[in-house]
């Protein structure tokens, strides 16, 4: 038989034995269950599935509503200096590190560290705590966007006028274009805009503080339920379904962003808005807060230290060149952030010109941009209903794929702890439904009349930059100084066929830990207690609760170290050495002999063991 025919036979053979059986989770093989082995792990159907899933996961709301405002606030074009320093010194190296760890170990965010360095398994648990808390409150934004989308299907947008039941006598419509003198004469009085009253009085029904939760907002609760149902059905069949959903959710927002960009650039006042966005103020670089904002924005926008990128990477084939795609995805992420600034600030410049105010008076970040500034802007445009629908569909899709990718990362990490149980039959689907239900019930605390205060508390503390910097530091330390960056480069070379440039391992060993440490220290030094809308001050007990949320993830790293040392027998130095030794060589050689390419580090009883046969995989 010719060599080509032999290779085709091997491909057909392995394609058949990896085919899912009816009624089983994807990747479950009958022989695995018969022999009591963990079911076969799923793999991405194609390269584009992985690329779009990662793109959808980390190109999200922060790119559209956070980066442009930070750039404007922190010196315009000058902000790009610390941004790119953190990008190449921290963001890209940690992003690639997490993806390649998942690919190298074929494990999720927790069990990958059990293989790499058991003493640092707390890194995985810290990531899961962060992403679990993030999944509770991030989806609330999508519930708000869903509500606004439904409200947009009206001939007259409900936040355009002051003639509704929720409006107060202080509500003042934008009459600037018709009567500039009327606006000027009333600008000093205590008036509010209809869009602000719609947001605070209709959507949120905002109470006076966090200690007055008030009644449940059933309209928002139903929107939240609908978003959770969509999220569940996007991931319930694993990466095979997720990889297909992102073909729409990850690409359509870019098309709509392009439409909004073109529309914004054609509005009067757009040039002034872009000037405010990019005009460099080098003196702002003397402020440590600028560097803190740059560092935290990088870690937020790249969705690192959450376990999600590790989980997505774990579904790659071993010989997949993820380094190439990680670099391209990094360009896509930062490029989207930069271009979004033109789309947003061109419209804010138009608003400022129409109202006759400085752009600083209309520039907003976060929910203020999405649910106050932009809705107000569309009321000033022709065809306001069309632009409102377009914007909130984009917002919903940007957040939706980020949400279900983060949930997928959480599920993958937890399922990998008990694969024999949770990958069998429909156990995985039931487990996903349980996680979604529990998270939905916890999220109901944020759709009450005082829910906005709870949301801000979670947003400020639970997944704060301090937590992400803490996890990133230990990730780099464990790989560079415990496992060994050169050893890890050997594994990367075995996977992708060449060694990446040395800047990656230098970043893991020195640059990234230094950046994380400096940013971590300055974040604590510059810490300011949380306030809402710069007016409401949170009570002491709420601040304490916020710090408990932050520490709940950070404490995992030292706590797991202590537990592992206590559970291991022998003298302290022997236990320490044992827990610092990678687990994957013996385990892969014995349990998955031949399933992984040969590695010189695979030793069993002090003898090297090569695979006995070859599994042929189709390159992505």
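Glycine is treated like the rest: Cβ placed from N, Cα and C.
Annotation source Swiss-Prot lists compositional bias 'Basic and acidic residues' at 29-42.
Under the heading N-linked glycosylation site, Swiss-Prot lists 163 (among others), citing sequence analysis as support. Annotation note: residue 163 (N-linked glycosylation site) sits in a coil segment as assigned by DSSP.
Taken from Swiss-Prot, the feature N-linked glycosylation site applies to 179 (among others).
Under the heading N-linked glycosylation site, Swiss-Prot lists 186 (among others).
Annotation comment: Swiss-Prot describes 190 (among others) as N-linked glycosylation site, evidence class sequence analysis.
As annotated by Swiss-Prot, phosphoserine applies to 322. Annotation for residue 322 (phosphoserine): spatial neighbours 50, 96, 99, 100, 103, 313, 316, 495, 496, criterion Cβ-Cβ under 8 Å with sequence separation of six or more.
Annotated region 'Disordered' per Swiss-Prot: 15-42, in sequence order.
Here Swiss-Prot flags 1-49 (among others) as topological domain 'Cytoplasmic', drawing on sequence analysis.
Taken together, the residues in the topological domain 'Extracellular' (143-217) have a mean pLDDT of 81 on the 0 to 100 scale. Among the features that Swiss-Prot reports, topological domain 'Extracellular' is placed at 143-217.
Taken from Swiss-Prot, the feature topological domain 'Cytoplasmic' covers 564-620 (among others), and the record attributes it to sequence analysis.
Swiss-Prot lists 50-70 (among others) with the feature transmembrane segment, giving sequence analysis as the kind of evidence.
What Swiss-Prot lists as transmembrane segment is 78-97 (among others). Long-range Cβ contacts of the transmembrane segment (78-97) within its own chain (Cβ-Cβ under 8 Å, at least 6 residues beyond either end) map to 58, 70-71, 280-282, 284-285, 290-291, 293-295, 297-299, 301-302, 304-305, 309, 322-323, 326-327, 329-330, 334, 472, 475-476, 479, 503-504, 507-508, 511-512, 515-516, 519.
As annotated by Swiss-Prot, transmembrane segment applies to 122-142 (among others), with the evidence given as sequence analysis.
According to Swiss-Prot, the feature transmembrane segment maps to 218-236 (among others). Under 8 Å from some Cβ of the transmembrane segment (218-236) lie the Cβ atoms of residues 139-140, 142-144, 146-147, 150, 203, 242, 245, 249, 400-401, 403-404, 407-408, 411, 429, 432-433, 436, 439-440, 443-444, 447, 451, all in the same chain and six or more residues away from its ends.
Sequence-distant neighbours of the transmembrane segment (245-262) (same chain, 6+ residues past either end, Cβ-Cβ under 8 Å): 48-49, 52-53, 55-56, 59, 64, 234, 336, 339-340, 342-343, 346-347, 387, 390-391, 393-394, 397-398, 400-401, 404. Taken from Swiss-Prot, the feature transmembrane segment covers 245-262 (among others).
Per Swiss-Prot, the feature transmembrane segment maps to 298-315 (among others); the stated evidence is sequence analysis.
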Query raised in the report: Hey, what's the Cβ neighbour count for residue 163 (N-linked glycosylation site) at 10 Å?
Result: 11
Query raised in the report: Can you find at least 3 Cβ pairs under 8 Å between the transmembrane segment (122-142) and the transmembrane segment (327-348), where each pair is 6 or more residues apart in sequence?
Result: no
Query - In contact by Cβ distance (the transmembrane segment (298-315), the transmembrane segment (465-485); 3 or more pairs under 8 Å) - result: yes
Requested in this report: Between the transmembrane segment (327-348) and the stretches 50-70, 298-315, 381-400, 545-563, work out which stretch tops the count of Cβ pairs under 8 Å.
Outcome: 50-70
Report summary line: Other same-chain positions with a Cβ less than 8 Å from the transmembrane segment (381-400) and lying at least 6 residues past its termini are 59-61, 63-64, 138-139, 141-142, 145-146, 148-149, 152-155, 157, 160, 227, 230-231, 234, 248-249, 252-253, 256-257, 259-260, 263, 267, 370, 374-375
Report summary line: Residues outside the transmembrane segment (545-563) whose C-beta sits under 8 Å from one of its C-beta atoms, at least 6 past its ends, are 119-123, 125-127, 129-130, 133, 457-458, 460-462, 464, 466-467, 470-471, 474, 530, 538
